[in-house]
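Visitor: Below you will find the structure I want to go over with you.
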Amino acid sequence: MVDSGGGGSWRDAYKGMSSDNVKGLVLALSSSLFIGASFIVKKKGLKKAGASGLRAGSGGYSYLLEPLWWIGMITMIVGEIANFAAYAFAPAILVTPLGALSIIISASLAHIMLHEKLHTFGILGCALCIVGSVTIVLHAPQERDIESVLEVWNLATEPAFLFYAAGVVGAAILLIVQFIPLYGQSHVMVYIGVCSLIGSLSVMSVKALGIALKLTFSGTNQLGYPQTWVFTAIVLMCVITQMNYLNKALDTFNTAVVSPIYYVMFTSLTILASVIMFKDWDGQNGTQIMTELCGFVTILSGTFLLHTTTDMVDGEPKGNLPSESHLLLRLPKISEDSKGFVQDGIILSLRRQESAKSPRPARQIKQQEEDLEAAVPLRRQESSSRV
(Lines of atoms letter the chains of each structure in order from A and count residues from 1; the text may use other names and numbers.)
(Lines give C-alpha, C1' and ligand atoms only; values in the text may rest on other atoms or scores of the structure.)
Protein backbone atom coordinates (compact mmCIF):
# COMPACT_ATOMS: atom_id res chain seq x y z
CA MET A 1 0.00 0.00 0.00
CA VAL A 2 1.13 3.53 -0.70
CA ASP A 3 1.79 5.64 2.33
CA SER A 4 -1.09 8.10 2.51
CA GLY A 5 1.00 10.39 4.68
CA GLY A 6 3.39 11.00 1.80
CA GLY A 7 0.51 11.91 -0.54
CA GLY A 8 -0.95 14.22 2.08
CA SER A 9 2.35 16.03 2.55
CA TRP A 10 2.63 16.51 -1.23
CA ARG A 11 -0.87 17.99 -1.37
CA ASP A 12 0.00 20.27 1.52
CA ALA A 13 3.14 21.43 -0.26
CA TYR A 14 1.26 22.21 -3.46
CA LYS A 15 -1.91 24.14 -2.72
CA GLY A 16 -2.52 25.41 -6.24
CA MET A 17 -2.58 28.96 -7.50
CA SER A 18 -4.56 31.64 -5.72
CA SER A 19 -6.97 33.84 -7.66
CA ASP A 20 -4.51 36.73 -7.43
CA ASN A 21 -1.72 34.58 -8.86
CA VAL A 22 -4.00 33.55 -11.76
CA LYS A 23 -4.74 37.20 -12.53
CA GLY A 24 -1.05 38.00 -12.40
CA LEU A 25 -0.29 35.06 -14.70
CA VAL A 26 -2.78 36.18 -17.38
CA LEU A 27 -1.49 39.75 -17.26
CA ALA A 28 2.12 38.57 -17.46
CA LEU A 29 1.40 36.43 -20.54
CA SER A 30 -0.31 39.37 -22.26
CA SER A 31 2.63 41.56 -21.37
CA SER A 32 5.10 39.15 -22.97
CA LEU A 33 3.13 39.18 -26.22
CA PHE A 34 3.13 42.96 -26.52
CA ILE A 35 6.70 43.48 -25.36
CA GLY A 36 8.10 40.76 -27.63
CA ALA A 37 6.44 42.37 -30.65
CA SER A 38 7.54 45.86 -29.62
CA PHE A 39 11.24 44.89 -29.83
CA ILE A 40 10.85 44.16 -33.53
CA VAL A 41 8.78 47.23 -34.38
CA LYS A 42 11.17 49.53 -32.50
CA LYS A 43 14.15 47.87 -34.18
CA LYS A 44 12.68 48.56 -37.62
CA GLY A 45 12.04 52.15 -36.59
CA LEU A 46 15.60 52.57 -35.32
CA LYS A 47 17.03 51.17 -38.55
CA LYS A 48 14.85 53.46 -40.64
CA ALA A 49 15.78 56.51 -38.55
CA GLY A 50 19.48 55.58 -38.60
CA ALA A 51 19.47 55.54 -42.40
CA SER A 52 18.68 59.26 -42.52
CA GLY A 53 20.23 60.58 -39.31
CA LEU A 54 22.61 59.90 -36.42
CA ARG A 55 22.06 56.41 -35.03
CA ALA A 56 20.85 56.00 -31.45
CA GLY A 57 23.91 53.88 -30.70
CA SER A 58 26.07 56.89 -31.56
CA GLY A 59 24.11 59.26 -29.37
CA GLY A 60 21.50 60.41 -31.90
CA TYR A 61 17.80 60.91 -31.23
CA SER A 62 16.43 61.00 -34.78
CA TYR A 63 14.30 57.96 -33.95
CA LEU A 64 12.02 60.29 -31.98
CA LEU A 65 10.76 61.61 -35.32
CA GLU A 66 10.13 58.12 -36.73
CA PRO A 67 6.42 57.01 -36.51
CA LEU A 68 7.36 53.33 -36.65
CA TRP A 69 9.48 53.70 -33.53
CA TRP A 70 6.56 55.33 -31.72
CA ILE A 71 4.26 52.46 -32.71
CA GLY A 72 6.76 50.08 -31.15
CA MET A 73 7.02 52.31 -28.11
CA ILE A 74 3.23 52.38 -27.66
CA THR A 75 3.13 48.60 -28.01
CA MET A 76 5.81 48.31 -25.34
CA ILE A 77 3.92 50.71 -23.06
CA VAL A 78 0.80 48.54 -23.35
CA GLY A 79 2.89 45.52 -22.46
CA GLU A 80 4.50 47.32 -19.55
CA ILE A 81 1.09 48.40 -18.23
CA ALA A 82 -0.01 44.76 -18.26
CA ASN A 83 3.26 43.85 -16.58
CA PHE A 84 2.74 46.64 -14.04
CA ALA A 85 -0.69 45.25 -13.17
CA ALA A 86 0.68 41.71 -12.94
CA TYR A 87 3.11 42.70 -10.18
CA ALA A 88 0.19 44.06 -8.13
CA PHE A 89 -1.40 40.60 -8.05
CA ALA A 90 1.47 38.08 -8.12
CA PRO A 91 5.02 37.82 -6.68
CA ALA A 92 7.96 38.86 -8.82
CA ILE A 93 9.27 35.27 -8.82
CA LEU A 94 6.18 34.31 -10.83
CA VAL A 95 5.82 37.36 -13.07
CA THR A 96 9.41 38.16 -14.04
CA PRO A 97 10.54 34.75 -15.42
CA LEU A 98 7.53 34.73 -17.76
CA GLY A 99 9.37 37.42 -19.69
CA ALA A 100 11.05 34.46 -21.42
CA LEU A 101 7.96 34.24 -23.59
CA SER A 102 8.73 37.71 -24.95
CA ILE A 103 12.12 36.34 -26.02
CA ILE A 104 10.43 33.58 -27.99
CA ILE A 105 8.10 36.06 -29.67
CA SER A 106 10.93 38.50 -30.35
CA ALA A 107 13.25 35.84 -31.81
CA SER A 108 10.47 34.39 -33.98
CA LEU A 109 9.42 37.77 -35.35
CA ALA A 110 13.05 38.77 -35.89
CA HIS A 111 13.45 35.63 -38.00
CA ILE A 112 10.37 36.51 -40.08
CA MET A 113 10.49 40.31 -40.30
CA LEU A 114 14.16 41.24 -39.84
CA HIS A 115 15.61 38.11 -41.48
CA GLU A 116 17.71 37.38 -38.39
CA LYS A 117 18.15 33.63 -38.62
CA LEU A 118 16.78 31.35 -35.91
CA HIS A 119 18.77 28.11 -35.77
CA THR A 120 17.26 24.73 -34.93
CA PHE A 121 18.92 24.87 -31.51
CA GLY A 122 17.31 28.27 -31.09
CA ILE A 123 13.94 26.56 -31.45
CA LEU A 124 15.05 24.08 -28.78
CA GLY A 125 15.96 27.06 -26.62
CA CYS A 126 12.43 28.40 -27.04
CA ALA A 127 11.04 25.04 -25.90
CA LEU A 128 13.28 25.07 -22.82
CA CYS A 129 12.06 28.57 -21.97
CA ILE A 130 8.47 27.32 -22.07
CA VAL A 131 9.23 24.27 -19.91
CA GLY A 132 11.05 26.39 -17.35
CA SER A 133 8.24 28.93 -17.27
CA VAL A 134 5.62 26.24 -16.64
CA THR A 135 7.74 24.80 -13.83
CA ILE A 136 7.98 28.16 -12.10
CA VAL A 137 4.27 28.88 -12.56
CA LEU A 138 3.30 25.60 -10.90
CA HIS A 139 5.55 26.13 -7.87
CA ALA A 140 5.54 29.92 -7.41
CA PRO A 141 4.90 31.26 -3.89
CA GLN A 142 1.61 32.91 -3.02
CA GLU A 143 1.38 36.69 -3.05
CA ARG A 144 2.18 38.37 0.26
CA ASP A 145 -0.89 39.82 2.01
CA ILE A 146 -0.22 43.57 2.27
CA GLU A 147 -2.82 46.02 3.56
CA SER A 148 -0.98 49.35 3.27
CA VAL A 149 1.78 51.00 1.25
CA LEU A 150 3.46 51.69 4.59
CA GLU A 151 4.13 47.95 4.91
CA VAL A 152 5.93 48.04 1.57
CA TRP A 153 7.90 51.10 2.67
CA ASN A 154 9.00 49.29 5.83
CA LEU A 155 10.20 46.36 3.70
CA ALA A 156 12.07 48.71 1.36
CA THR A 157 13.86 50.50 4.19
CA GLU A 158 15.20 47.39 5.91
CA PRO A 159 19.04 47.31 6.02
CA ALA A 160 19.37 44.32 3.69
CA PHE A 161 17.45 45.93 0.83
CA LEU A 162 19.03 49.35 1.37
CA PHE A 163 22.44 47.69 1.02
CA TYR A 164 21.31 46.00 -2.20
CA ALA A 165 19.86 49.25 -3.62
CA ALA A 166 23.04 51.19 -2.83
CA GLY A 167 25.15 48.53 -4.57
CA VAL A 168 22.93 48.58 -7.66
CA VAL A 169 22.98 52.36 -8.00
CA GLY A 170 26.75 52.47 -7.49
CA ALA A 171 27.36 49.78 -10.12
CA ALA A 172 25.07 51.51 -12.63
CA ILE A 173 26.83 54.85 -12.17
CA LEU A 174 30.21 53.15 -12.62
CA LEU A 175 29.06 51.56 -15.89
CA ILE A 176 27.64 54.83 -17.22
CA VAL A 177 30.63 57.00 -16.30
CA GLN A 178 33.56 54.63 -16.74
CA PHE A 179 32.67 51.76 -19.10
CA ILE A 180 30.07 53.02 -21.60
CA PRO A 181 32.41 55.66 -23.14
CA LEU A 182 35.05 52.96 -23.68
CA TYR A 183 33.13 49.76 -24.39
CA GLY A 184 29.51 50.74 -25.10
CA GLN A 185 29.84 50.23 -28.86
CA SER A 186 31.69 46.92 -28.64
CA HIS A 187 30.37 45.03 -25.57
CA VAL A 188 26.66 44.29 -25.36
CA MET A 189 26.90 43.62 -21.61
CA VAL A 190 27.62 47.28 -20.83
CA TYR A 191 24.33 48.77 -22.01
CA ILE A 192 22.32 45.78 -20.82
CA GLY A 193 24.06 45.86 -17.45
CA VAL A 194 22.72 49.35 -16.79
CA CYS A 195 19.21 48.35 -17.93
CA SER A 196 19.18 45.24 -15.74
CA LEU A 197 20.56 46.84 -12.59
CA ILE A 198 18.18 49.79 -12.70
CA GLY A 199 15.39 47.47 -13.84
CA SER A 200 15.53 45.41 -10.66
CA LEU A 201 14.85 48.55 -8.62
CA SER A 202 12.11 49.68 -10.97
CA VAL A 203 10.27 46.37 -10.56
CA MET A 204 10.31 46.69 -6.78
CA SER A 205 8.96 50.24 -7.07
CA VAL A 206 6.40 49.20 -9.68
CA LYS A 207 5.18 46.44 -7.39
CA ALA A 208 4.90 48.90 -4.49
CA LEU A 209 3.00 51.40 -6.63
CA GLY A 210 0.79 48.65 -8.07
CA ILE A 211 -0.14 47.48 -4.57
CA ALA A 212 -0.97 51.07 -3.59
CA LEU A 213 -3.25 51.50 -6.61
CA LYS A 214 -4.90 48.12 -6.11
CA LEU A 215 -5.70 49.00 -2.48
CA THR A 216 -6.94 52.44 -3.57
CA PHE A 217 -9.30 51.00 -6.17
CA SER A 218 -10.59 48.48 -3.62
CA GLY A 219 -11.60 51.31 -1.25
CA THR A 220 -8.50 51.90 0.90
CA ASN A 221 -6.99 55.15 -0.36
CA GLN A 222 -3.19 55.08 -0.46
CA LEU A 223 -2.65 58.26 -2.48
CA GLY A 224 -2.45 60.39 0.66
CA TYR A 225 0.75 58.69 1.78
CA PRO A 226 3.97 60.42 0.61
CA GLN A 227 5.56 56.99 0.23
CA THR A 228 3.25 56.30 -2.72
CA TRP A 229 4.61 59.33 -4.56
CA VAL A 230 8.21 58.46 -3.68
CA PHE A 231 7.73 55.07 -5.32
CA THR A 232 6.14 56.83 -8.33
CA ALA A 233 9.16 59.12 -8.74
CA ILE A 234 11.55 56.15 -8.53
CA VAL A 235 9.55 54.29 -11.18
CA LEU A 236 9.72 57.24 -13.60
CA MET A 237 13.47 57.74 -13.15
CA CYS A 238 14.25 54.05 -13.52
CA VAL A 239 12.04 53.51 -16.57
CA ILE A 240 13.49 56.54 -18.41
CA THR A 241 17.01 55.26 -17.73
CA GLN A 242 16.11 51.75 -18.86
CA MET A 243 14.53 52.93 -22.13
CA ASN A 244 17.48 55.16 -22.99
CA TYR A 245 20.10 52.43 -22.68
CA LEU A 246 17.86 49.71 -24.10
CA ASN A 247 17.44 51.84 -27.24
CA LYS A 248 21.22 52.12 -27.52
CA ALA A 249 21.64 48.36 -27.10
CA LEU A 250 18.97 47.55 -29.72
CA ASP A 251 20.45 49.99 -32.23
CA THR A 252 24.01 48.73 -31.75
CA PHE A 253 23.58 44.95 -31.46
CA ASN A 254 21.48 42.16 -32.90
CA THR A 255 17.91 42.02 -31.53
CA ALA A 256 18.00 38.26 -30.96
CA VAL A 257 21.15 38.78 -28.88
CA VAL A 258 19.94 41.76 -26.84
CA SER A 259 16.64 40.16 -25.82
CA PRO A 260 17.99 36.93 -24.21
CA ILE A 261 20.90 38.60 -22.41
CA TYR A 262 18.67 41.38 -21.12
CA TYR A 263 16.17 38.79 -19.92
CA VAL A 264 18.75 36.70 -18.07
CA MET A 265 20.37 39.63 -16.26
CA PHE A 266 17.14 41.49 -15.57
CA THR A 267 15.31 38.41 -14.26
CA SER A 268 18.19 37.25 -12.09
CA LEU A 269 18.59 40.64 -10.43
CA THR A 270 14.83 41.12 -10.04
CA ILE A 271 14.37 37.75 -8.33
CA LEU A 272 17.28 38.56 -6.04
CA ALA A 273 15.77 41.95 -5.19
CA SER A 274 12.33 40.43 -4.57
CA VAL A 275 13.72 37.72 -2.31
CA ILE A 276 15.56 40.36 -0.29
CA MET A 277 12.72 42.89 -0.09
CA PHE A 278 9.51 40.83 -0.06
CA LYS A 279 11.02 37.63 1.38
CA ASP A 280 9.20 35.49 -1.18
CA TRP A 281 10.80 32.25 -0.05
CA ASP A 282 10.00 32.55 3.64
CA GLY A 283 6.78 30.52 3.34
CA GLN A 284 8.20 27.80 1.10
CA ASN A 285 10.06 24.59 1.83
CA GLY A 286 13.38 23.55 0.32
CA THR A 287 11.76 21.35 -2.34
CA GLN A 288 9.65 24.18 -3.71
CA ILE A 289 12.57 26.60 -3.77
CA MET A 290 14.83 24.11 -5.54
CA THR A 291 12.09 23.35 -8.10
CA GLU A 292 11.72 27.06 -8.85
CA LEU A 293 15.48 27.41 -9.22
CA CYS A 294 15.57 24.40 -11.57
CA GLY A 295 12.83 26.01 -13.64
CA PHE A 296 14.79 29.23 -13.77
CA VAL A 297 18.00 27.41 -14.78
CA THR A 298 16.00 25.67 -17.52
CA ILE A 299 14.93 29.08 -18.83
CA LEU A 300 18.53 30.30 -18.66
CA SER A 301 19.60 27.25 -20.68
CA GLY A 302 17.01 28.11 -23.30
CA THR A 303 18.14 31.70 -23.54
CA PHE A 304 21.75 30.52 -23.75
CA LEU A 305 20.89 28.38 -26.77
CA LEU A 306 19.10 31.30 -28.40
CA HIS A 307 22.13 33.49 -27.70
CA THR A 308 24.85 31.15 -28.98
CA THR A 309 23.02 30.02 -32.13
CA THR A 310 21.76 33.42 -33.28
CA ASP A 311 24.20 33.73 -36.21
CA MET A 312 24.34 30.05 -37.11
CA VAL A 313 22.88 28.52 -40.25
CA ASP A 314 22.66 24.72 -40.62
CA GLY A 315 25.03 24.20 -37.71
CA GLU A 316 27.78 26.58 -38.84
CA PRO A 317 28.33 30.25 -38.07
CA LYS A 318 27.85 32.78 -40.85
CA GLY A 319 31.03 33.26 -42.80
CA ASN A 320 34.11 31.05 -42.63
CA LEU A 321 35.27 31.87 -39.12
CA PRO A 322 34.27 29.30 -36.47
CA SER A 323 34.31 31.98 -33.79
CA GLU A 324 33.04 34.85 -35.92
CA SER A 325 29.49 34.87 -34.56
CA HIS A 326 30.83 35.06 -31.00
CA LEU A 327 33.17 37.91 -31.85
CA LEU A 328 30.43 39.91 -33.56
CA LEU A 329 28.47 39.95 -30.32
CA ARG A 330 31.28 42.02 -28.79
CA LEU A 331 31.92 44.29 -31.77
CA PRO A 332 29.94 47.20 -33.21
CA LYS A 333 27.93 46.67 -36.37
CA ILE A 334 29.98 49.28 -38.24
CA SER A 335 33.28 50.84 -37.23
CA GLU A 336 35.78 53.10 -38.97
CA ASP A 337 39.52 52.58 -38.86
CA SER A 338 42.23 55.24 -38.73
CA LYS A 339 42.37 55.47 -42.53
CA GLY A 340 38.66 56.13 -42.82
CA PHE A 341 37.75 52.73 -44.27
CA VAL A 342 34.52 51.27 -42.97
CA GLN A 343 34.71 47.64 -41.94
CA ASP A 344 32.47 45.23 -40.07
CA GLY A 345 34.42 45.19 -36.82
CA ILE A 346 37.78 43.46 -37.40
CA ILE A 347 36.55 40.62 -39.60
CA LEU A 348 39.06 41.39 -42.36
CA SER A 349 42.12 41.10 -40.13
CA LEU A 350 40.71 38.08 -38.35
CA ARG A 351 40.12 36.29 -41.64
CA ARG A 352 43.73 36.87 -42.56
CA GLN A 353 44.90 35.38 -39.28
CA GLU A 354 42.62 32.41 -39.73
CA SER A 355 43.83 31.88 -43.27
CA ALA A 356 47.33 31.14 -42.00
CA LYS A 357 45.96 28.22 -40.00
CA SER A 358 43.54 27.00 -42.64
CA PRO A 359 44.30 23.93 -44.80
CA ARG A 360 42.49 25.53 -47.76
CA PRO A 361 44.49 26.10 -50.99
CA ALA A 362 46.57 29.28 -51.08
CA ARG A 363 44.83 30.46 -54.27
CA GLN A 364 41.41 30.24 -52.63
CA ILE A 365 42.63 32.11 -49.56
CA LYS A 366 44.16 34.87 -51.67
CA GLN A 367 40.99 35.24 -53.73
CA GLN A 368 38.85 35.61 -50.61
CA GLU A 369 41.19 38.25 -49.19
CA GLU A 370 41.04 40.21 -52.45
CA ASP A 371 37.23 40.06 -52.42
CA LEU A 372 37.13 41.35 -48.85
CA GLU A 373 39.53 44.21 -49.60
CA ALA A 374 37.51 45.18 -52.66
CA ALA A 375 34.41 45.43 -50.48
CA VAL A 376 35.98 48.03 -48.14
CA PRO A 377 35.60 51.07 -50.49
CA LEU A 378 32.03 50.02 -51.21
CA ARG A 379 31.23 50.06 -47.51
CA ARG A 380 32.87 53.50 -47.29
CA GLN A 381 30.57 54.75 -50.06
CA GLU A 382 27.49 53.29 -48.32
CA SER A 383 28.45 54.99 -45.05
CA SER A 384 29.00 58.35 -46.80
CA SER A 385 25.65 58.16 -48.60
CA ARG A 386 23.85 57.50 -45.32
CA VAL A 387 25.44 60.53 -43.73
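Glycine is no exception: its Cβ is also placed from the backbone N, Cα and C atoms.
Got these off TrEMBL a minute ago, pasting:
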- 24-41: transmembrane segment (TRANSMEM)
- 61-78: transmembrane segment (TRANSMEM)
- 84-109: transmembrane segment (TRANSMEM)
- 121-141: transmembrane segment (TRANSMEM)
- 161-183: transmembrane segment (TRANSMEM)
- 190-213: transmembrane segment (TRANSMEM)
- 225-245: transmembrane segment (TRANSMEM)
- 257-277: transmembrane segment (TRANSMEM)
- 289-308: transmembrane segment (TRANSMEM)
- 352-387: region 'Disordered' (REGION)
Visitor: Can you tell me which parts of the same chain pack against the transmembrane segment (121-141), counting only residues 6+ beyond its ends and a CB-CB cutoff under 8 A?
Guide: 14, 17, 21, 25, 90-91, 93-94, 97-98, 100-101, 103-104, 107-108, 256, 280-281, 283-284, 288, 291-292, 294-306, 308-310, 312
Visitor: Checking distant contacts: for the transmembrane segment (190-213), what same-chain residues at least six beyond its ends satisfy Cβ-Cβ under 8 A?
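Guide: Same-chain contacts beyond the ends: 83-85, 87-88, 92, 96, 146, 149, 152-153, 156, 161, 165, 168-169, 171-172, 175-176, 179-180, 183-184, 222-223, 225, 227-228, 231-232, 234-235, 238-239, 241-242, 245-246, 248-249, 252, 258, 261-262, 265-266, 268-270, 272-274, 277-278.
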Visitor: Which listed range (61-78, 84-109, 257-277) shows the maximal number of Cβ pairs under 8 Å with respect to the transmembrane segment (24-41)?
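Guide: The stretch with the most contacts is 84-109.
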Visitor: Quick test of the contact rule: Cβ under 8 Å, at least six residues beyond the ends. What residues does that give for the transmembrane segment (61-78)?
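Guide: Distant contacts of the transmembrane segment (61-78): 34-35, 37-46, 48-50, 52-54, 247, 251.
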